[in-house]
Each structure stands twice: as C-alpha cells, then as structure tokens.
C-alpha cells in the first residue's frame with residue numbers, strides 16, 4: 001500500500017461527509033412544511049439545527065475517546081453506517097418525531113471530525129501535520145460548497161431527493177472505509193477516562209487569565225453573530241425573496257466561496273498593513289453593516305453584492321484567533337484551540353434557537369429584526385475588547 005493512500009482515503013471521507021451535510025441544507029425547511037403547519041416551520045427548523053449541534057458538542061469528545069480505546073477505523077465505520085441508515089430514514093420520515101430522532105442520530109454520527117483529525121495525526125509526522133490538517137479543512141470546505149449546490153438542484157425535483165443522496169454518499173463512504181482504510185492507531189490503547197468525555201472540561205484552564213478570557217468572550221459573541229445567516233439564510237431567502245431550492249443552493253455556495261476567498265486572500269494583507277486589532281474591528285464593522293443592509297434588502301439580487309461585504313467581515317475571526325494565540329504559551333496552544341472549538345459548538349446550539357425565535361416572533365410585522373439583532377450584538381464586544389486589547393493584547397496584536 002502506498003504511504004499516501006490512507007491520507008487520500010480519509011480526506012475523501014471528510015469531503016464526502018461534508019457534501020452529505022450540505023446536501024440537505026437547502027431543503028430541510030421544505031421537508032418540514034410537509035410535516036408541520038407553515039407558521040411553525042421556523043421554530044422547528046431552529047430546534048433541529050440546535051439539536052444537531054448539541055449532539056455534536058456532546059459526542060465529539062466521546063467519539064475521540066472511543067477511538068483512543070478501540071481504534072479510529074471501527075469508530076469511523078460505525079458512524080458512517082449509522083449516518084447512511086439515518087439519512088434514508090429521514091428521507092421517508094412520516095412524522096415530525098422521526099425527523100427529530102434522525103437529527104439526533106445525524107449529530108452523533110456527524111461528530112467524526114475529531115476522529116478524522118486523530119487519524120491524520122497518526123499517519124503523518126510532525127512536520128507534515130499542519131499541511132495535512134489544512135488539506136482536511138479544505139476538503140470539508142469543498143464539501144460544504146458543493147453540497148448545497150447539489151442539494152438545491154435535487155430539491156427542485158423533490159425535498160426528499162437530497163436525503164437519499166446523502167444516504168448514498170455515506171454508504172459509499174462506509175464501503176470505501178471497509179476496503180481501503182487501514183487502522184492507524186496501532187500503539188497502546190488508552191483506557192476511557194471520565195474527564196475525556198466532558199465537553200466543558202476544555203474551559204477550566206483559562207480561568208484567571210484576564211486577557212484570554214476577555215478575548216474568548218469576544219470570540220463567543222462573534223461566533224454567535226455568525227449563526228444568524230447559518231440559521232436564517234434559507235428561510236429568509238424563501239420568505240423575503242421567494243427563492244426556490246436551486247437559488248438557495250447557489251447562494252449558499254456563492255457565500256461559502258466568497259467567505260473562503262476573503263479569509264485566504266484578504267486577511268493576511270489587511271492584518272499585515274493595519275495590524276490584527278484594526279483588522280478585527282474592520283471585520284466586525286463590515287459584517288454588521290452587511291447584516292443591516294440585508295435586513296432592508298427588497299430584491300433577491302441585492303443579497304449577492306451584500307455577500308461581498310459579509311465575506312469581508314470574515315477577516316475579523318482569523319485576526320482574533322491570531323491575537324488569542326499570542327496570549328498563551330506553546331504548550332497551551334492545543335488547549336486554546338480545543339476551547340475555541342467548544343465555544344463554536346456552543347454558539348451552534350444557542351444561535352439557531354435565539355435567532356429563529358426572534359425571526360418567528362417578528363415575521364408578521366417585519367422579518368428583518370433578527371439581522372438587526374445580530375448586528376447589535378457586536379456592541380457587546382466593546383467592553384471585552386477594551387479590557388482585552390488595551391490591557392496587554394493590543395500591544396502584541398499590532399506587532
């Protein structure tokens with residue numbers, strides 16, 4: 001076996017998994033309309049998004065610990081097989097409770113990113129790990145761009161079609177893993193430890209670190225604000241602009257591409273010229289302005305130029321992450337990244353519930369209030385930024 005084949009297989013697994021997730025994004029509200037009253041679609045959509053994120057948050061450390069104990073391959077294969085069956089069940093869900101159970105199972109089986117990351121760490125040397133983790137992120141990003149486009153095209157025929165396609169992709173993933181994916185964890189198997197199963201344990205180390213805690217609060221708020229389009233883009237596009245599933249899929253892909261390009265090509269030059277602190281502030285201003293403009297947009301075409309502004313707002317998060325990384329020693333970088341990942345998962349739980357509730361409460365008067373609320377949340381960053389940026393982080397951030 002060629003030494004790079006396991007890497008290619010695991011990266012393909014990550015990409016196909018992301019495509020499967022993205023496939024159902026444009027059509028989930030349409031599927032809900034077949035099961036609940038139209039006035040209840042927004043509330044159930046938000047709960048389903050939050051439920052999926054909650055299961056990922058709770059189960060990611062569990063799957064990671066199980067892979068340490070029993071190996072990466074069996075955990076991945078069981079998850080992929082479960083996902084294939086789950087998507088097939090959701091495609092034919094006759095009742096709402098079946099769809100809820102399906103999203104719970106999808107969240108559990110979808111929490112395999114930690115296992116895939118551990119697999120890559122097993123098969124690569126230290127000097128190559130950063131590059132290969134970059135490949136992993138790129139493959140996931142590709143899947144999340146391609147998935148909504150394909151899902152939107154399929155959704156034009158039936159809201160059930162993308163679910164069947166996602167089931168088929170996970171089935172293909174499972175078969176590929178069975179025949180081509182060897183076990184990577186061949187060292188000593190670690191016993192299960194209770195603390196390894198606790199997703200909240202990653203926050204304890206930061207207690208008493210004033211600057212880090214302040215900047216992590218900013219990180220949480222920014223990630224929470226980022227949940228506005230994640231929770232509302234599909235429903236808002238349908239209600240305000242009367243988009244169909246195909247248009248929604250294209251818009252999601254366009255947004256993903258623009259956001260990725262902005263982070264890859266703009267963040268570095270802007271941070272180098274203005275400093276990380278100003279890049280962070282510029283990103284928040286661009287994002288908040290985009291939200292306000294989108295709230296008042298009256299035609300579907302207006303959303304596409306506004307996307308450029310929203311994508312430019314994406315430069316703020318990498319700048320903040322760089323500032324945070326400067327505040328901790330090398331031996332704590334892993335803990336920092338784990339804490340940031342946990343915070344991201346928490347916002348994926350809270351955000352959909354919060355913003356779909358605001359949207360549902362205001363839809364009969366004006367459905368732009370949720371975007372205004374998201375922009376207003378950036379104001380909560382100001383006290384934490386004042387404490388974090390001007391008490392030591394600011395001097396480092398502009399170096």
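Backbone N, Cα and C atoms are what each Cβ position is placed from, and that goes for glycine too.
Bear in mind that the values here come from a model prediction, so they are computed numbers and not experimental data.
Annotated transmembrane segment per Swiss-Prot: 7-29, 44-66, 73-95, 99-121, 133-155, 160-182, 203-225, 245-267, 279-298, 302-324, 336-358, 368-390, in sequence order, evidence recorded as sequence analysis.
If you look at the transmembrane segment (336-358) against the transmembrane segment (44-66), you find at least three C-beta pairs under 8 angstroms, all six or more positions apart, and that counts as contact. Same-chain neighbours of the transmembrane segment (302-324): 212, 215-216, 218-219, 222-223, 226, 229, 237, 241, 251, 254-255, 258-259, 261-263, 266-267, 270-271, 276-277, 279-291, 293-294, 336, 340, 393, 396-397, counting only residues six or more beyond its ends whose CB sits under 8 Å from a CB of the stretch. Contact between the transmembrane segment (245-267) and the transmembrane segment (73-95) is not supported, since fewer than 3 Cβ pairs fall under 8 Å when only residues 6 or more apart in sequence are counted. Of the two recorded stretches, the transmembrane segment (7-29) lies close to the transmembrane segment (99-121), with three or more CB pairs under 8 Å once pairs fewer than 6 apart in sequence are set aside. Between the transmembrane segment (73-95) and the stretches 44-66, 133-155, 279-298, it is 44-66 that has the most C-beta pairs under 8 angstroms.
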